[in-house]
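Novice: These came from TrEMBL, pasted as-is:
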ACT_SITE  A:CYS72  active site, proton donor/acceptor
ACT_SITE  A:CYS185  active site, proton donor/acceptor
BINDING   A:ASP9, A:SER10, A:TYR41, A:GLY42, A:ASN73, A:THR74, A:THR186, A:HIS187  substrate binding site
Number of protein chains: 2
Amino acid sequence: MNRPIGVIDSGVGGLTVVHELMRQLPKEKLIYLGDTQRCPYGPRPEHEVVSFTWEMVDFLLQKDVKMIVIACNTATAYTLKELQERLDIPVVGVIQPGARAAIKSTQKNFVGIIGTEGTIRSNAYIEALQYIKSDIEVNALACPMFVPMVEQGILTGEKAEVIVEETLRPLLKYRNEMDTLILGCTHYPLIKGVIQKVLGTQITLISSSEETARETSTILEIHQLFNDGREETSHQFYTTGELDIFTDITKSIFNSSIDNLQSVTIEQAIICRN
Amino acid sequence: MNRPIGVIDSGVGGLTVVHELMRQLPKEKLIYLGDTQRCPYGPRPEHEVVSFTWEMVDFLLQKDVKMIVIACNTATAYTLKELQERLDIPVVGVIQPGARAAIKSTQKNFVGIIGTEGTIRSNAYIEALQYIKSDIEVNALACPMFVPMVEQGILTGEKAEVIVEETLRPLLKYRNEMDTLILGCTHYPLIKGVIQKVLGTQITLISSSEETARETSTILEIHQLFNDGREETSHQFYTTGELDIFTDITKSIFNSSIDNLQSVTIEQAIICRN
């Protein structure tokens, strides 16, 4: 079953999911589509996010993908159920895997969530957690500064620490009760080190990117969709925005840990606009 | 979908999976069957394990379970594929979830596995790991003393430490390369503290019990089988062996962390013997 896995995101954040898919499922071929031109999705009304997401899904279906990963929290919150019902290939989002990993991790039954304003406002993580475990204690915090900070390439250093410390201050008073924090945005794994430093090592950080890659593996097994051939190194990346900017950000996200970036094709996506 | 989840094991080790299922999926009703009379399965020939496992599965099917968890490494190695092919309800084993969690965890691409002699001899973990990631380095060690030690109730203290230290000595030389160790036996989570003390905190221990419970959650979601009602507290435990002994061991495994053990029914299982 050597068809590719399709990954969509509103922009570049979903590349952290791609990074984990490459690491945890090195035999799989990936096609990534980032809707950078219309990013961010967070502040957009639901019908717009639904419509944009379907355009990306249609693009991927033409590439004959065997499975779709919605590597965007906002798109997951608004479209996961509909996509799962209407497509005849498996679809996974980024919210449920993170929620499940947090339930496994927490011994104190108290989980924190950080995300964009849109994700926190949607209550999607709280609903996913409490649907499975009604009595779980949850504290959610919107971190509007984190995505712009990451997109400016500020991932470490004093400036990053000051922003993270100020943003996360409301969570610090729960440090004794809360033992697990979900990084509920695919940008946040890029500043995981700073977040861990600010909160201390007694709090387990759950990366929705890592967890989504892991559940992708489970789903491939259940549906017997694993690529049983050789390791795959030719992935395809598409952007709806400027090629140069996307290429630069991609290189900076993957840093030196993806050796084969030169074999990645980055093309302009032509998607059917409403 | 309020039908129960069936869990089978050769004896009492699978109760650590039950413990995690209760913690991670508190709304689900469980029916556990331990084949304590014919335990251990490890040294038995394959055809016998297959036959015994089918007897247990038939018992659970009569209880109208919606899913089956094979909470036994030996039974998983010999029967998982056949059960998945022949049953029209989902079946999960304990090997693949642990392998997947280890792939996610390891940054050095080097994983250790400890298990019973049977499990290590079967190479099931190595195959599961390398099927997904061909180049992963693996070091496997059989720990024949651990199950008898746990069954005697030796879970902490000096004696436990001496046995664990002597048994794991061959792994110590890999401490710099290996960053992740799979506890490839459902008994081992009960001595996780001692194992961590002997190996040091830089090694991440993967509990196949915790990971199997988590994948059970994923599978329930994919198949839309979650219990959407209230939290469930009436579980049923069955044993093919002596009721008194099973009850004692069950109480000792769950300790005080399962408050509702008094509401658990433990009955003698009557299964169709060859």
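Yeah, the Cβs are placed from backbone N, Cα and C, and that goes for glycine too.
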Novice: Does DSSP give A:ASN73 (substrate binding site) helix, strand or coil?
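Specialist: DSSP call for A:ASN73 (substrate binding site): helix.
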Novice: Which residue, of the active-site residues A:CYS72, A:CYS185, has its CB surrounded by the fewest other CB atoms within 10 A?
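Specialist: It is A:CYS185 that, of the active-site residues A:CYS72, A:CYS185, has the fewest other Cβ atoms within 10 Å.
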Novice: Cα of A:TYR41 (substrate binding site) to Cα of A:CYS185 (active site, proton donor/acceptor): how many Å, rounded?
Specialist: 12
Novice: Taking only the residues the record lists as binding substrate, namely A:ASP9, A:SER10, A:TYR41, A:GLY42, A:ASN73, A:THR74, A:THR186, A:HIS187, what is the largest Cα to Cα distance between any two of them, in Å to the nearest whole number?
Specialist: 14
Novice: Let me know how many other Cβ atoms fall within 10 Å of the Cβ of A:ASP9 (substrate binding site).
Specialist: 29
Novice: For the recorded substrate site, whose residues are A:ASP9, A:SER10, A:TYR41, A:GLY42, A:ASN73, A:THR74, A:THR186, A:HIS187, find every other residue on that chain with a C-beta no more than 8 angstroms from the centre of their C-beta atoms, and list them by sequence position.
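Specialist: Neighbours within 8 Å of the Cβ centroid, excluding A:ASP9, A:SER10, A:TYR41, A:GLY42, A:ASN73, A:THR74, A:THR186, A:HIS187: A:GLY11, A:GLY13, A:GLY14, A:CYS39, A:PRO40, A:CYS72, A:ALA75, A:THR116, A:GLY118, A:THR119, A:CYS185.
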Novice: Under 8 Å between C-beta atoms and at least six apart in sequence, can you list the same-chain neighbours of A:SER10 (substrate binding site), or say none if there are none?
Specialist: A:GLY34, A:ASP35, A:THR36, A:ARG38, A:CYS39, A:PRO40, A:TYR41, A:GLY42, A:PHE52, A:CYS72, A:THR74, A:ALA75
Novice: How many other Cβ atoms sit within 10 Å of the Cβ of A:GLY42 (substrate binding site)?
Specialist: 22
Novice: Just to be sure I understand the packing, how many Cβ atoms besides its own are within 10 Å of the Cβ of A:TYR41 (substrate binding site)?
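Specialist: So the number of other Cβ atoms within 10 Å of A:TYR41 (substrate binding site) is 22.
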Novice: Name the secondary structure element type, per DSSP in three states, that contains A:ASP9 (substrate binding site).
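Specialist: DSSP call for A:ASP9 (substrate binding site): strand.
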Novice: I need the least crowded one of these binding-site residues (A:ASN73, A:THR74, A:THR186), counting other C-beta atoms within 10 angstroms of each C-beta.
Specialist: A:THR74
